[in-house]
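As recorded in Swiss-Prot, the features of this protein are as follows:
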BINDING   108, 109, 110, 111, 112, 113, 114  ATP binding site
């Protein structure tokens with residue numbers, strides 16, 4: 001048994017990885033900020049100790065896993081090196097772990113977490129599959145056949161991975177504090193493609209992904225019969241979305257997803273493709289798909305009277321558009337109200353116009369102050385720069401949440417990657433409802 005200490009254990013990936021190592025019989029603890037982060041619930045439920053940062057946390061028998069947001073000058077990392085302990089970065093550690101399994105990486109600018117959650121759930125319907133999801137959920141199953149994991153492109157960390165398969169959901173410009181432009185992002189994905197050992201499954205409508213060159217087969221999925229795998233004859237009902245799947249132009253089977261929105265059907269197609277390539281039992285796969293309940297902070301619903309309160313991680317314009325589309329399709333007779341907290345000043349600056357455009361798809365938009373990150377906590381613009389670009393946009397905070405009560409028959413989307421949950425929590429407390437977080 002190894003004793004692991006995670007520096008920054010509340011990070012989404014770090015939390016997931018800590019849970020996996022705990023499940024596999026290791027002693028696990030970690031440190032982080034005192035502020036509440038939604039990932040800590042799963043850690044505490046697993047009995048994993050969370051400590052405040054302190055050099056004295058580091059003991060001579062530990063392996064130290066260093067979160068990517070923390071520099072080598074961090075007091076705990078310095079202490080670990082002084083004790084001559086093994087110190088390994090998150091992405092390097094994960095890269096070693098996946099080599100023990102048939103591994104499936106899920107990468108892309110958007111949709112990684114939702115797709116990884118679906119993939120792990122569906123594959124576990126037929127084969128033992130350990131998984132690491134970017135919503136802070138991880139599970140290590142002894143003697144697993146497969147390992148499904150989220151692979152982030154930020155700072156090219158995913159180049160540490162050499163998976164058997166890679167699902168590439170899309171390529172888009174994001175993380176403007178690191179990537180220069182979309183061509184820089186494409187180059188990172190092109191490098192990643194050469195790391196894949198068996199096959200790549202990629203969205204066929206993405207013009208950048210269509211240019212990917214690889215040493216393994218690339219299977220494109222989508223809604224066109226020009227794709228290798230495509231969905232047709234979509235039917236939406238209260239049960240979800242039913243659709244036929246075709247492989248290389250030939251009918252394969254009919255599936256039912258409990259989810260709504262084109263992006264969720266695309267995610268399902270990528271997972272079905274993996275299942276097909278690995279010859280998994282299709283009846284088990286269909287049954288598992290029908291029981292998927294979603295992942296944390298991805299269109300998580302709480303119904304209060306005729307209001308539907310949705311907690312969602314959307315923090316990029318394309319993700320916001322997809323979340324609003326899902327709300328429109330699932331609740332076509334309700335107004336859609338957006339409550340959005342921009343995440344990082346650099347992203348807000350880079351996509352100011354796009355944020356205004358996508359948020360204008362809602363019937364009404366409320367905006368919170370910009371949430372900085374550990375790396376960047378201030379900038380030259382303010383939330384007013386976005387407010388001025390959206391007709392009728394209004395500022396909101398924990399003290400003014402009563403403004404949401406007037407939308408008595410609406411879907412209210414609380415969106416953001418920071419601490420937007422505090423706004424939803426304040427609103428639920430205001431109307432006398434217990435918050436789920």
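Heads up, the Cβ atoms here are built off N, Cα and C, so glycines get one too.
Surrounding the centroid of the Cβ atoms of 108, 109, 110, 111, 112, 113, 114, where the record places ATP, the chain contributes additional residues within 8 Å, namely 106, 115, 169, 170, 319. Within the same chain, residues at least 6 positions away in sequence whose Cβ sits under 8 Å from that of residue 111 (ATP binding site) are 169, 170, 263, 266, 267. Spatially close to residue 112 (ATP binding site) yet at least six residues away along the chain are 106, 134, 150, 151, 152, 169, judged by Cβ distances under 8 angstroms. Sequence-distant neighbours of residue 110 (ATP binding site): residues of the same chain at least 6 apart with a C-beta under 8 Å from its C-beta are 169, 170, 172, 263, 316, 318, 319, 322.
Each of the binding-site residues 113, 114 was scored by the number of other CB atoms within 10 Å of its CB, and the largest score is that of 114. Taking Cβ-Cβ distances under 8 Å and a sequence separation of 6 or more, the neighbours of residue 108 (ATP binding site) in its chain are 115, 153, 167, 168, 169, 170, 171, 203. Listed in sequence order, the residues of the same chain lying 6 or more apart from residue 109 (ATP binding site) and placing their CB within less than 8 Å of its CB are 153, 169, 170, 171, 172, 173, 174, 185, 316, 318.
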